[in-house]
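Features of the protein shown, as given by Swiss-Prot:
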type: BINDING; residues: Tyr39, Gly64, Cys65, Ser66, Asp117, Ile118, Asn132, Arg199; note: S-adenosyl-L-methionine binding site
Amino acid sequence: MHTKDQIFAAPIARLGDFCFDEQVVDVFPDMIQRSVPGYSNIISAIGMMAARYAQPQSRLYDLGCSLGAATQAMRRHLTQPGCHITAVDLSHPMIERARAHLSGFKSEVPVALVEADICDIAIENASVVVLNFTLQFVDPEKRMALIQRIFDGLRPGGILILSEKFRFEDEPVNDLLIELHLDFKRANGYSELEISQKRNALENVMRTDSLETHRSRLQSAGFVHQDLWFQCFNFGSMIAIKSSDAN
């Protein structure tokens, strides 16, 4: 049974920026399920895509791994020999809780948990890279360099799975999808106070891009084959494949 997210249930006089501290880590599974539509579907599909695209003797990266849900999904599906997973998160409480969580599952696939800024991590010999609702927390000026480094570190035929909250350039559509997401949170038991306070806490730390911006960035990095494979309201996931003839 997960601890219920009540972080923003009472009025907070001095509301600071949202951060992945011990308090958030304690309620994160409940928070993510009640806040991100389609999250479980995305996690399941990450495992299936890893099974299809992982290459023998390669590395798989979970960048911004939080509690290791995507890491465990990949590990559970892998059958290729010699694969290693590197799971990275900047939050010390997240990494420690992920370590405890992953240790509860038996697997022959080794996982290296790394506490670091994903912008400082070398991507090498990769067949699968996952950015699952992570890029939106990266400094916008650093995003292109990160995507380029991922492309360069992927083997030909490797994939990037990029899940994000999207901003839409058509204003009426964007407004509608925002409202539908708020309805989703209300239906999951969040009060207007909780929704408002969390939105304000996230304002300075989570900056979303449009689908067009993501597509352009991926194209510029060298991903010729890329598109949206999942969407629910203003949340979704993209897949980008490095051509088998790419260097």
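Using N, Cα and C of the backbone, Cβ positions are placed for all residues, glycine too.
What Swiss-Prot annotates, mapped onto the structure for a quick look.
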residue: Tyr39; record: S-adenosyl-L-methionine binding site; contacts (Cβ under 8 Å, 6+ apart): Ile32, Gln33
residue: Gly64; record: S-adenosyl-L-methionine binding site; contacts (Cβ under 8 Å, 6+ apart): Val88, Asp89, Leu90, Ile118, Leu131, Asn132, Phe133, Thr134, Phe137
residue: Cys65; record: S-adenosyl-L-methionine binding site; contacts (Cβ under 8 Å, 6+ apart): Thr71, Ala87, Val88, Asp89, Met94, Ile95, Ala98, Leu113
residue: Ser66; record: S-adenosyl-L-methionine binding site; contacts (Cβ under 8 Å, 6+ apart): Phe20, Phe28, Ile32, Asp89, Ser91, Met94, Ala98, Asn132
residue: Asp117; record: S-adenosyl-L-methionine binding site; contacts (Cβ under 8 Å, 6+ apart): Leu90
residue: Arg199; record: S-adenosyl-L-methionine binding site; contacts (Cβ under 8 Å, 6+ apart): none
Cβ atoms other than its own within 10 Å of the Cβ of Ile118 (S-adenosyl-L-methionine binding site), all chains, total 24
Tell me, by DSSP, whether Asn132 (S-adenosyl-L-methionine binding site) is helix, strand or coil? strand
If you measure every Cα to Cα pair among Tyr39, Gly64, Cys65, Ser66, Asp117, Ile118, Asn132, Arg199, the residues listed for S-adenosyl-L-methionine, what is the largest value in Å? 24
